[in-house]
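The feature domain 'Cytochrome c' is assigned by TrEMBL to B:107-277. According to TrEMBL, the feature heme c binding site maps to B:Cys120, B:Cys123, B:His124, B:Met243.
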Amino acid sequence: MSFSTTLYNTFFRRNSIFVGTVFAGAFAFGIGFDTGATAFFDRWNRGKQWKDIRHKYVEAAEEEE
Amino acid sequence: MLARQLSKGPALSALRRKNPLSIPRAFAVRNASTASSSSAFESFLNSRLTLASVSLFTAGSVAWYTHLYGSLPFLGQVHASHASEEGLHPPDYPWPHAGLIDTFDHASIRRGYQVYREVCAACHSLDRIAWRNFVGVSHTVDEARAMAEEVEYQDGPDDQGEMFMRPGKIADYLPGPYPNEEAARAGNAGALPPDLSLIVKARHGGANYVYALITGYVDPPAGVEVREGMNYNPFFPGGAIGMARVLFDGLVEYEDGTPATTSQMAKDVVTFLHWAAEPEHDDRKKNGIKAVILFSTLTLLSLYVKRFKWTPIKNRKILYDPPVDKKH
């Protein structure tokens, strides 16, 4: 059984499976793309964002309490 | 064949040399051949469509220039005011957040808030920023709550219909230095210190202008008279500004140990004010890079699909297959 036949039988044969694949793929791509873009963005702006300097002030506040 | 070609060249040139009249004739022939295209050119020149489009182009260019530069082209103008009335243009400073995908430097925002609180807040309000806005940007929740509680806000009415004072909550907005505009003017010789919430958006040049202004105080040049109570600043339109120079080296003491030079404090406070004017800045740039990646991918994909679909249509060759005469 060739690859295209497998592909057809797995994903395209039934519309419910096909639509489900599209939705699940969109969901996974959304999460993956968001994670990748955020990782790149944080890498580019390393040390500048609040989450990079937050630990200095959170620890100081806990020590005071 | 080769010999004939070789003999042809010299023979022709010899002929031309012998008969000079043949050269003008050649020109005349060429003129005759171009005469038709020249008439086409003339008809193009004389056509109404050409006239209309050239007129439209000219009017459009003039309108565009006037819109862009504010005056008609090629007409000299005389102004009663000097160029310095407009204020000096600020230079472009290398802000940490200047790039297309650069966020604010949040340590700088935190220091800038300190400068605002200790220096600027004596005269300038920051109406549109609440204490809660600092959370997750420059301060922790506890710090923001503690800062809010230091200020008393009027609240009420209570059961007796009385207004009462209470310590600030995190959702309260930053208090202004004056109760109203008249009090602000009265305290500053008639000049109203503008609210700083949107000042970076509200001035030409934005952050560059504000930085240049608060670091740009100099002695007035010879011949420039500045009225009593006013200060000279070349970046301020008109040159005379009510606010005096306020930032001097060592004015504040930063908690993170950064040397508090004038330029450092100015950079920090302008970064803070830039954040106050554009709190969505970081998210905007992050979503921007995502949108650019997605939309450019989709554009490339659609271009590919278009070519893919059109390739057989554009490359087809239509052949006429004549009917075969079956009688023969």
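If you go along the chain as it appears here, the first residue is 1 and each next one adds 1.
Positions of Cβ are set from backbone N, Cα and C atoms, glycine also.
Curation plays no part in TrEMBL annotations; they are all automatic predictions.
Locations of recorded TrEMBL features on the structure.
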residue	record	Cβ neighbours (10 Å)
B:Cys120	heme c binding site	23
B:Cys123	heme c binding site	20
B:His124	heme c binding site	20
B:Met243	heme c binding site	19
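DSSP assigns B:Cys123 (heme c binding site) to coil in the three-state reduction, placing it in neither a helix nor a strand. Secondary structure from DSSP puts B:Met243 (heme c binding site) in coil.
Compute the center of the Cβ atoms of B:Cys120, B:Cys123, B:His124, B:Met243, which mark the site for heme c; besides them, the chain residues with Cβ within 8 Å of that center are B:Val119, B:Ala121, B:Ala122, B:Pro193, B:Leu196, B:Val246.
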